[in-house]
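As recorded in Swiss-Prot:
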type: TRANSMEM; residues: 30-50; note: transmembrane segment
type: TRANSMEM; residues: 53-73; note: transmembrane segment
type: TRANSMEM; residues: 93-113; note: transmembrane segment
type: TRANSMEM; residues: 126-146; note: transmembrane segment
type: TRANSMEM; residues: 159-179; note: transmembrane segment
type: TRANSMEM; residues: 192-212; note: transmembrane segment
type: TRANSMEM; residues: 242-262; note: transmembrane segment
type: TRANSMEM; residues: 276-296; note: transmembrane segment
type: TRANSMEM; residues: 315-335; note: transmembrane segment
type: TRANSMEM; residues: 348-368; note: transmembrane segment
type: TRANSMEM; residues: 391-411; note: transmembrane segment
type: TRANSMEM; residues: 416-436; note: transmembrane segment
Amino acid sequence: MHRYKKEASNLIKLATPVLIASVAQTGMGFVDTIMAGGVSAIDMAAVSIAASIWLPSILFGVGLLMALVPVVAQLNGAGRQHKIPFEVHQGLILALLVSVPIIAVLFQTQFIIRFMDVEEAMATKTVGYMHAVIFAVPAYLLFQALRSFTDGMSLTKPAMVIGFIGLLLNIPLNWIFVYGKFGAPELGGVGCGVATAIVYWIMLLLLLFYIVTSKRLAHVKVFETFHKPQPKELIRLFRLGFPVAAALFFEVTLFAVVALLVAPLGSTVVAAHQVALNFSSLVFMFPMSIGAAVSIRVGHKLGEQDTKGAAIAANVGLMTGLATACITALLTVLFREQIALLYTENQVVVALAMQLLLFAAIYQCMDAVQVVAAGSLRGYKDMTAIFHRTFISYWVLGLPTGYILGMTNWLTEQPLGAKGFWLGFIIGLSAAALMLGQRLYWLQKQSDDVQLHLAAK
């Protein structure tokens, strides 16, 4: 019992800064929306559309670089800190290489917008925002590579502090470039992209400064010697991170596809769906931060050759995540009207949003289990299992079921509309929770040699 209590304490210490850093990240998007909305509805819509293209693209790169966290955590746990600089340098090189195709995709935004049938003024602003935010791509991914290093060393506070500095800088920079202050051009929504690019370069430099000057990282000597690109290691990191990157990409695009499918149901339904989805994404930060912390703890314990400790870390993470989700789900049910009223005063939208928030409460519990189980499996470097199971859950089970229930009368007398899609979310996430949980259980039942061999790849 003592080990469980100690592990819970370690987990919370790691997860709390990750949670706060996520809040800061979300806050930057919120500031962009508010500032652009202060110019016009077109500017706000343009920023929103641009974000729907930017986010899946950049998260693919982030997913690739998340592979570095368990690699560093295991080397640190094993006492082989001398090998960490090589891995970090390969991660930084991978970040630069991945930036190229992501920039190429984002640079073609005008062709993507053409398929979306967006009005000309909005399309022009969307493309302008994207061409500005393109400059943030290498900084964002290099920052993620360095953050994977510090997180892997169980130092999650630096990214938290720098994330909040980024948020504080984002506000005045948005004000300057959106509204044209201090001699800067008045760029409207495009100015949000300029501010974002500047902020991420500053955040990268701040994290680099911390790593170079930190006494807690001095023994690693991460930049004492430059390690040249090693194709074999770059391919290994890419193969390790690709399943996570693909899983993240498919998860984000799933919600984007559902938003498009819900659109023909009318503005009231779309608004209610967005209320429930936006609130759920905010609550998701809790289990997501626990999943990130579990990945670090499991990787560290496996580096120490402590498979029992890794299992305890995973199990404590699952219990903590589920307990947190049960609390947030209960609060969602009890205060669903007040939550809906935070977003809108339209009573028709509020009434439907209240119904969808009941589905969101169930969704939160399933989501917590699957994201923490996935975090545990990342610690074991069992990345491919995550991809296969989440792809089947979301795209083979969740989305088709949601479409059948929401848009057809094949299983019900009348199409259920948005409720059908939320039932699809619940079915998909429940399947993911069961399959990822089963995989984790199976892995923990294997011999120490099998577990350590998998973690060593």
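Keep in mind that glycine also has a Cβ here, set from the backbone N, Cα and C atoms.
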- Query: Does the transmembrane segment (192-212) make contact with the transmembrane segment (30-50) through 3 or more Cβ pairs under 8 Å, each pair 6 or more apart in sequence?
  - Reply: yes
- Stretch contact, the transmembrane segment (159-179) with the transmembrane segment (416-436), Cβ-Cβ under 8 Å, 3+ pairs: no
- Query: Quick one: do the transmembrane segment (242-262) and the transmembrane segment (93-113) reach 3+ CB pairs under 8 Å, ignoring pairs fewer than 6 apart in sequence?
  - Reply: no
- Task: Please give the sequence-distant neighbours of the transmembrane segment (53-73): residues at least 6 beyond its ends with Cβ less than 8 Å from one of its Cβ atoms.
- Result: 84, 87-88, 91, 94-95, 98-99, 102, 105-106, 109, 112, 130, 133, 137, 140-141, 144-145, 148-149, 151-154, 237-238, 240-242, 244-249, 252-253, 256, 292, 295-300, 303, 378-381, 383, 455
- Tell me, please, if the transmembrane segment (315-335) and the transmembrane segment (348-368) are in contact, taking contact as 3+ Cβ pairs under 8 Å between residues separated by 6 or more positions? yes
- Message: With Cβ-Cβ distances below 8 Å as the criterion, list the same-chain residues six or more beyond the ends of the transmembrane segment (348-368) that contact it, or say none.
- Response: 268-269, 271-273, 275-276, 279-280, 283-284, 286-287, 290, 321-322, 324-326, 328-330, 332-333, 336-337, 339-341, 418-419, 422-423, 425-426, 429-430, 432-433
